[in-house]
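Note sheet for the following structure.
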Amino acid sequence: MSGINASQMDPSHDFFANWTHVSTANSTNFTTEAPTGTISVAHDTFTTETISIFVELVLAAIGVLANSLVIYVIARYPEMRTVPNVFVLNLALADLLYCCEFVPVWNAQYFLPNGWIFGQAVCTTTRALYGICGNASILFVIAMSIERYQAVADPIGHHQRSSKKRTWLISAALWLMSVIFTIHIIAFSKVKTYGTTQECRSDPTSVVPYEDYMQGILIYRFVAWCILPLSILVPCYARLYYKLHQGDVIQTDSAAAAKSRHRVTRMVTVVVAVFTVSWMPLHIVYLVKYGFHLYSIPEGHHDPLELFVAMLSSTNSMINPFLYALLGDKFRIYMKKVLCCG
């Protein structure tokens, strides 16, 4: 894998694997491409890269169990099959797919003697899941926020307009949009050979220079995954906060219904806040470092800032179920019921 330079970084690989990984297959030193760039490492040492992979796999395992529990609770108990929980279920499904397929398959190549051994079809599918699940997570977070605003600001109209069938149709449309937004990943996923080692990566060079492609992707991702969502979420929650605290909500239902609606709103608000705090720093660092090359780290050294924001983002796919349990009374009750009684 020699001859790959730092300009060929591919941070589009992996939400969790945002720092350099290595193969532990042999004890030689060589330069390996990674999601964040190029670094020369010794393979016979217990390196930071090995630790990072272990952390990813542990987080993914927790994410699989926790998100599976959320999906089971919603599917098992009719009381949990509410309109907002349709979006919660789909968000949990996106996190589950990411944790159970992408993370283990992607990281397996770093422990195998010949790198990526799974072929072109699995390469394309695995990288596509990265994009689809990422896009879906953002879209469902936005959908949850808009639904909560409508529920609080206009309870009567929201009740008349909303239905589980309509919400499922919206969810299907959001998944379709997630696939469409991932076409560039599907189109450019290739298994590349470097000596005796293979790697699953982006290869747009038949259409556009790699450096231009990656810069465009980083700018697109910053706008599509940070700026646009925030331009929707911030006004939405500002107006929601105003209505909740200024008494501008029409009092048309019981105090119990209003209290329940506010609890769900609080839960969704925290989920959105955690999502934003988890992912925005990573996109900013990538754009500054790789998109505009405003700073760099000497070859052979780790970037502590990038490592920190990568670790921060790596927790998001497994933390939501715990937020549901902590902030959602019904989720907490039924999760305890499943865990204690089966």
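Any Cβ shown, glycine's included, is placed from N, Cα and C.
Just so you know, TrEMBL annotations never went through curation; they're auto-generated.
Taken verbatim from TrEMBL:
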DOMAIN    66-324  domain 'G-protein coupled receptors family 1 profile'
TRANSMEM  51-75  transmembrane segment
TRANSMEM  87-108  transmembrane segment
TRANSMEM  128-146  transmembrane segment
TRANSMEM  167-187  transmembrane segment
TRANSMEM  218-238  transmembrane segment
TRANSMEM  267-287  transmembrane segment
TRANSMEM  307-327  transmembrane segment
Distant-in-sequence neighbours of the transmembrane segment (87-108), which means Cβ under 8 A and at least six residues beyond its ends: 13-17, 21, 53, 56-57, 59-61, 63-64, 67-68, 70-71, 74-75, 118, 122, 126, 129-130, 132-134, 136-137, 140-141, 143-144, 147, 167, 171, 174-175, 200, 271, 316-318, 320-321, 324
Select the range from 51-75, 167-187, 218-238, 267-287, 307-327 that forms the most Cβ-Cβ pairs under 8 Å with the transmembrane segment (128-146). 167-187
Distant-in-sequence neighbours of the transmembrane segment (51-75), which means Cβ under 8 A and at least six residues beyond its ends: 16-17, 19, 21, 81, 85, 88-89, 92-93, 95-96, 98-100, 103-104, 107, 110-111, 307, 310-311, 314-315, 317-318, 320-322, 324, 331, 334-335, 338-339
Considering every residue in the domain 'G-protein coupled receptors family 1 profile' (66-324), what is the mean pLDDT value? 86
